[in-house]
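K.L.:
My questions all concern the structure below.
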Amino acid sequence: MAKRNISGIFLLDKPEGITSSTALVRTRAIFKAQKGGHTGALDPLASGLLPVCLGEAAKFSSFFLEGKKRYVAEGTLGRSTTTCDREGETVVERPVGDAMTHIAEVLEQFRGPIVQVPPIYSAVKVNGKPLYKYARQGRESEVEIPKREVEIFELKLLEQTDTTFKIEVYCSKGTYIRTLVSDIGEALGCGAYVSHLRRIAVEGLPEGKMTTLEQLQQLADQRTDRSDFSTLDALLIPLEQALNNLPVVTIPQSLAEPLCHGMRVKPTDLLAATKAGTATVPTPLPAVTEMVQVHCDQVFLGVCHFDEQGFLRPQRMMGPEIIERFQKS
């Protein structure tokens, strides 16, 4: 069967034990999708929400990757590892003692803006090269890992034993949960590593609507007509829903076609369309650094921004086939 030109976001519940890339390949195969990519890769040991962008949706992933994320993590005390998780080699082991009696006050230190040093086994690039490549080559001493400021909006203690703790973390983009757990362990004086990690939410995407690969395959197998993908496509989140944090601009067809072909919209044309009731624009205009999503006849066209002169400029637009779609709608 030929690959399909579909567009949307599939909320995959990635299992432990496979890479995000493997999960993407399996998802694309079931959907028979021509194109696809994932956003916010999860480590093999992590499970949970992996947004898989199919078709044109992959173009826009950077605009909702900026969103906050929510995780549940389990930390195990008494051991520090090279990767800050259970799969790494032991760096040092220390007695746990009564460390968990101090967990509440230690967690307080990590709420709000904090500075992190990403683990050497991470995809952060230094001089154009991922840190994990330096680590695998035994060249850790040759690279200075850049610090980064992140923010922990919520940090809840869910469960604890004498040697483990489970936390829920609501954090900004770029937060390394492995580093957070390791740093909590250091603050407790005994070290810690991530023994389990699950991402449960990404800002802008609906919660509680994840589907596992097994569930997706089961839906595919239950079809009597193998060319009918309606039950699978019903699981896809429309791209504009993932961008619902961006203000909306609506324009008439007369302005939509040139915009989709890369031309800017003049402020005078936009004002005239607004007065005629065929366009809507946020008031006041968003700042030049802010993005807006643009629609025509209830069809999503792409992401744009207003420049200093008030021109509406395309930033990232859907493919040319969208022109035919909104002309027919």
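In case you wondered, yes, glycine gets a Cβ from its N, Cα and C as well.
Predicted automatically and left uncurated, TrEMBL annotations should be read as such.
TrEMBL lists these features:
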- 28-177: domain 'Pseudouridine synthase II N-terminal' (DOMAIN)
- ASP43: active site, nucleophile (ACT_SITE)
- 178-243: domain 'tRNA pseudouridylate synthase B C-terminal' (DOMAIN)
K.L.:
Have a look around ASP43 (active site, nucleophile) and count the other CB atoms within 10 A of its CB, chains all included.
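P.N.:
Around the Cβ of ASP43 (active site, nucleophile), 20 other Cβ atoms lie within 10 Å.
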K.L.:
Treating G and I as helix alongside H, and B as strand alongside E, what does DSSP give for the domain 'tRNA pseudouridylate synthase B C-terminal' (178-243) in helix, strand and coil?
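P.N.:
Helix, strand and coil residues of the domain 'tRNA pseudouridylate synthase B C-terminal' (178-243) number 28 helix, 13 strand, 25 coil.
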K.L.:
Take the domain 'tRNA pseudouridylate synthase B C-terminal' (178-243) and average the pLDDT across it for me.
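P.N.:
Averaging the confidence scores along the domain 'tRNA pseudouridylate synthase B C-terminal' (178-243) gives 94.
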